[in-house]
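K.L.:
Pasting a structure below so you can have a look.
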Amino acid sequence: MHPVIPYLTAAALFGLGVYGVLVRRNAVLLLMSVELMLNAVNLILITSDATVRAELPASGQVFALFVIVLAAAEVGVGLALILALYRLRASVAVDRIPLSERAPVTDGIPVQRRPSGATLPVRDEVDL
Amino acid sequence: MTAADVLLLALGAIAVGAGWRVVITSHLVRAGLWLVVTLGAVAGAYLVLAAELVAWVQVLLYVGAVVVLLLFAVMLTRAPIGASSDLDRPGWTGLLVGGGAALGLGALLLDGYRWQKVDAPAVGSAQLLGGEVFRHWVLPFEVLSVLLLAALIGAIVVSRPAPGDDSGSR
Amino acid sequence: MIEVIIRVLGVVVAFLTLPLLVGQAEHKVMAHMQGRLGPMYAGAFHGWAQLIADGVKFVQKEDVTPADADRPVFRIAPVIALVPYLVALLFIPLGPRDWLVGQPIDIGLFVVLAVVGVGVVAVLMAAWSSANKYSLLGGLRAAAQLLGYELPFVLAAASVAMAAGTLSLPGIVAAWRPWWLLWQLPAMLVFFVAGLAEIRRPPFDMPIADSELVFGYMTEYTGLRFAFFLLAEYVGIVVISALTAVLFLGGWKGPLDGQLGWLWTLVKTFAVSFVVIWVRVSYPRLREDQLQRLCWLVLVPVSLGQLVLTAAVRVLA
């Protein structure tokens with residue numbers, strides 16, 4: 001087994017994740033790119049666990065498990081923030097978020113973008 | 001080239017290809033579906049690398065929960081069917097930094113390992129992993145559980161409508 | 001290599017026959033519970049060939065993809081719905097010996113739980129790509145329901161794993177004793193109810209809810225693709241029933257289990273499937289808020305309590 005193959009895969013995945021985080025404007029897509037980076041890190045951890053004979057057995061796998069748990073927590077909080085943002089401004093474009101607290105809310109709540117095809121009813125009628 | 005090498009190569013190609021689609025596609029929901037492919041391929045690579053338990057944890061948590069949450073959020077924020085034009089910023093910085101990170105990391109790892117051969121590891125059992133977690137890594141484990149609790153409470157607090165604001169409670 | 005092929009073939013045969021048996025049983029059992037006869041004509045004797053006739057009908061129907069739909073996603077979703085259950089069947093043991101399980105592995109329980117959880121992706125794909133608001137609503141309901149019920153489902157299974165001290169499915173059956181029926185009773189009930197919700201069977205079929213959402217995420221599907229979703233539902237019943245039988249009812253344990261172990265597993269599986277059908281006939285569909293309330297206020301606390309009880313008995317005994 002040549003460990004360089006998964007290592008290079010991980011490097012490529014990490015680069016893709018960085019690219020996605022810098023380029024994407026939609027907050028959910030941003031989170032997906034972060035997941036790509038976390039997976040790259042996990043792949044490196046697992047590969048080195050298989051490659052390097054460490055003092056403690058399987059510590060790479062243990063760390064990968066920890067990272068997965070962290071990722072789950074991160075996504076939970078991140079999505080709560082994104083949905084709160086969407087409720088407030090009807091948009092999840094990260095470069096439109098006013099950074100100062102006093103900024104006026106102009107393009108605020110009542111905007112109902114109607115995407116083609118799958119439309120939800122107006123929010124107040126949504127009944128999950 | 002052994003069978004493990006071929007498998008790792010194929011899975012790596014799938015993971016990177018699907019990851020590429022995740023960051024360039026202009027279909028919001030399809031990005032999430034490509035992410036499923038990436039995660040699945042990475043889980044397959046874990047299996048080849050003898051990390052059985054981690055692979056299935058990845059399937060259970062990532063594919064079964066994280067991606068579903070992401071897709072859920074994409075749909076709740078009204079993803080249209082078809083391409084959206086406003087998903088990307090101009091990408092030169094991203095290309096530069098992302099490409100730089102990939103190349104730098106890749107060069108470093110390539111220099112470190114060359115075409116070195118390693119014996120395929122023995123399949124790690126859940127028992128061994130559990131033993132390790134509770135023998136040597138107990139403190140991080142406990143800290144993680146506190147962190148999960150904090151995340152849980154945080155998510156609930158963030159998603160509750162503010163007092164006096166009834167827009168979310170109807 | 002040949003051995004692997006034979007094993008996989010065996011699982012595929014089980015995958016193709018057991019759901020049909022359950023489906024036919026559902027036709028007849030439901031009919032008799034409601035004072036009807038059910039299918040009587042197809043195949044001459046008590047309508048035994050009804051499902052084959054249904055299959056032929058589905059194949060003949062036109063395969064419609066809505067104009068606004070996201071074509072590739074729409075067309076692949078039914079296949080994705082089937083795969084997780086097929087994979088899950090691979091790991092469920094019929095008997096104590098090695099050749100009675102598709103693939104014996106050390107962490108079988110974990111694998112089965114993981115792949116069953118993947119099914120929700122297919123539901124979301126179907127719901128979103130149909131370009132239909134009823135489909136989308138059904139999909140969102142399904143996602144909320146499946147994410148919620150995953151928790152008590154896994155916790156209840158964890159309780160048995162903890163009691164047996166292993167994650168291997170044959171290992172759990174080997175460690176099983178009849179008094180576990182009492183000790184693990186709350187976990188069994190939680191697992192069964194959460195399992196029903198996982199496969200979206202009545203009374204947990206809010207994502208489909210034909211009186212509210214037309215047919216939920218399956219509204220736009222026709223012909224063979226619709227049949228795939230139906231098949232996934234029946235394979236789901238088989239998987240959940242088999243898991244309940246293996247984890248909580250002692251799998252192949254029973255009189256003469258040296259020779260007839262596999263028969264006991266099948267009998268227990270079908271007994272649980274019968275209860276699944278019975279529940280469908282007996283209870284009305286829950287409302288969405290009742291569903292979430294049941295999950296978070298009843299099932300999760302009970303399964304956590306069961307975990308504490310299991311740990312206490314394990315430590316003290």
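Each residue, glycine too, has its Cβ placed from N, Cα and C.
Copied straight from TrEMBL:
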- C:6-23: transmembrane segment (TRANSMEM)
- C:76-95: transmembrane segment (TRANSMEM)
- C:107-128: transmembrane segment (TRANSMEM)
- C:149-173: transmembrane segment (TRANSMEM)
- C:179-197: transmembrane segment (TRANSMEM)
- C:226-249: transmembrane segment (TRANSMEM)
- C:261-282: transmembrane segment (TRANSMEM)
- C:294-316: transmembrane segment (TRANSMEM)
K.L.:
Of the listed stretches (C:6-23, C:76-95, C:107-128, C:261-282), which one yields the highest count of Cβ-Cβ distances below 8 Å with the transmembrane segment (C:226-249)?
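P.N.:
Out of the listed stretches, C:76-95 contacts the transmembrane segment (C:226-249) most.
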K.L.:
I'd like to know if the transmembrane segment (C:294-316) touches the transmembrane segment (C:76-95) in this structure, counting it as a touch only when three or more C-beta pairs sit under 8 Å and are separated by 6 or more positions.
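P.N.:
As far as Cβ distances go (cut-off 8 Å, pairs 6 or more apart), the transmembrane segment (C:76-95) and the transmembrane segment (C:294-316) do not touch.
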K.L.:
Which range out of C:6-23, C:261-282, C:294-316 gives the transmembrane segment (C:149-173) the most CB pairs under 8 Å?
P.N.:
C:294-316
